[in-house]
Amino acid sequence: MPDVVNVGFVPMATSARGVLFVFCDDALKFGPDTVKALGTAANAVKRAAATSQFKGKSGSTLDILAPEGLKAVRLVVIGAGKLAAIKDHDFLKLGGVLAGKIGGGKEAVTVIAELPTGAMTPAQGAAVAAGVRMRAYKFDRYKTKKKDGEDTPLNASVAIAVRDVAAAKKAFAPQNHVVDGVIMARELVNEPPNVLFPVEFARRASQLRKLGVGVEVLDVPAMKRLKMGALLGVSQGSTQPGRTVIMRWNGGKKGEQPVAFVGKGVCFDTGGISIKPSGSMEDMKGDMGGAACVVGLMHALAARKAKINVVGAIGLVENMPDGNAQRPGDIVTSMSGQTIEIINTDAEGRLVLADVLWYVAKKHKPKFMVDLATLTGAILVALGTEYAGLFSNNDQLSERLTEAGQATGERVWRLPMGPEYDKMMDSQFADMKNAGARHGGSITAAQFLQRFVDDTPWAHLDIAGTAMGAPKTDINQSWGSGYGVRLLDRLVADYYESK
């Protein structure tokens with residue numbers, strides 16, 4: 001994983017040189033330590049704010065070069081907006097805004113982590129630091145030449161001045177590991193498909209062993225013995241063999257029931273024989289965003305030594321249209337024994353998940369399962385790119401996911417499920433079809449998956465709109481977002497981890 005910015009904490013009284021960042025509210029007020037640090041430069045801030053109509057709105061910035069009265073060569077004021085409305089994840093965004101204003105220079109960066117109400121808490125200062133790292137991430141390793149004006153990599157040392165350095169470091173340590181997990185997920189989603197095919201993906205997931213994660217890789221013969229006919233049917237059209245990877249972190253009590261996360265990992269999706277249009281097909285390298293999230297999450301949980309037992313499982317395939325490819329009209333038998341008529345070979349992700357969900361439910365018997373998948377285009381029609389679709393057979397799990405989404409800014413929206421939708425998958429020749437009618441596509445996909453979880457509490461997150469190609473934000477300028485890592489880490493930490 002690239003590490004392009006170094007973030008640390010220093011005492012509040014540290015003298016600022018290079019670039020100085022400070023925060024104000026929507027009344028252009030500063031905290032006492034900030035006022036002291038600015039000294040007579042506060043007058044320059046007032047003049048510049050009036051000239052540029054800077055109002056301190058959340059995320060807005062005021063940039064002043066060589067401010068009189070400061071040793072800093074540059075002063076950047078970041079608006080925090082109305083303090084009464086600020087939420088925990090807003091500090092992450094403030095860190096992202098900060099990183100976006102550092103620029104390509106090599107000057108030292110000092111940040112006074114203070115609002116008008118006083119110094120930020122250790123957790124808030126840590127969130128600012130995490131936001132800096134998340135915004136700084138960039139995927140450009142395959143560019144050998146840079147165009148004129150193209151952004152240069154951010155290579156800076158950022159010192160965040162806080163009231164209690166030790167407490168800030170302690171608060172940042174687990175957040176830093178979560179950011180590592182987010183960046184790992186982004187890296188996987190951004191990689192080209194000729195580099196990240198199923199075997200290579202499995203190899204990278206296996207590197208989690210260094211953190212104490214148990215990793216088992218099921219190859220094609222092993223999956224055949226397990227009768228994973230749904231997954232193998234998708235994979236059979238590719239020269240790249242499929243894999244299923246089972247990751248196990250045992251941070252909880254010995255023998256305690258684990259929680260489980262399952263990810264769809266279609267490393268490239270042409271649609272198969274039901275081939276996709278050529279426009280934007282290159283984006284289908286990201287059809288493994290769910291699997292990327294699960295690997296990033298397992299990294300985060302293991303690195304911060306989460307006190308919980310966790311199973312992470314990913315099904316890895318390519319969906320290709322060669323002479324051995326699955327056909328519309330084929331009937332496959334899933335690991336559960338249920339038979340599936342293939343109506344559309346481009347409805348392949350649910351086939352991969354069907355076998356992996358069943359495997360995890362029966363072998364590991366988790367407290368709950370959450371699966372993540374870039375499953376349907378229909379979810380973008382319904383929710384756009386701001387929310388992931390949430391489907392579940394368990395109200396408590398849904399409520400907790402929703403609350404974790406609100407806390408992290410990785411939001412979910414629950415959509416309906418019900419037996420009325422099942423008839424849309426009735427098949428004349430098999431137990432079910434793999435695709436329903438045109439309408440309610442995200443719902444029927446979830447109804448399909450529910451048939452493979454038995455009585456296990458389960459939630460399905462359709463992340464087709466949030467995992468890749470979503471609009472750039474204050475904390476992500478990358479095509480791959482790493483969506484879901486922070487959401488699920490927060491779910492585990494708030495509700496299931498031993499205290």
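Any Cβ shown, glycine's included, is placed from N, Cα and C.
Together with D346, E348, the Mn(2+) 1 site in Swiss-Prot holds one more listed residue from D269, D283, D422, D426, which is D269. D287 is the only one of D287, D322, D371 that Swiss-Prot places in the Mn(2+) 2 site (with K264, D269, E348). Checking Cα-Cα distances from D346 (Mn(2+) 1 binding site) against the recorded positions (K264, D269, K276, D287) with a 10 Å cut-off leaves D269, K276, in sequence order. Non-local neighbourhood of K276 (active site): D269, T270, M284, D346, each in the same chain, at least six residues away, with C-beta under 8 Å from its C-beta. In the three-state DSSP classification, D287 (Mn(2+) 2 binding site) falls within coil. Take the mean position of the Cβ atoms of D269, D346, E348, the recorded Mn(2+) 1 site; other residues of that chain with a Cβ within 8 Å of it are V234, V266, T270, G271, G272, S274, K276, M284, D287, N319, T345, A347, G349. Take the binding-site residues D269, D287, D346, E348: by the count of other Cβ atoms within 10 Å of each Cβ, the lowest one is D346. Shown are the recorded positions K264, R350; the one with the most C-beta atoms within 10 angstroms of its own C-beta is K264. Separation of the C-alpha atoms of R350 (active site) and D287 (Mn(2+) 2 binding site): 12 Å, rounded to the nearest whole number.
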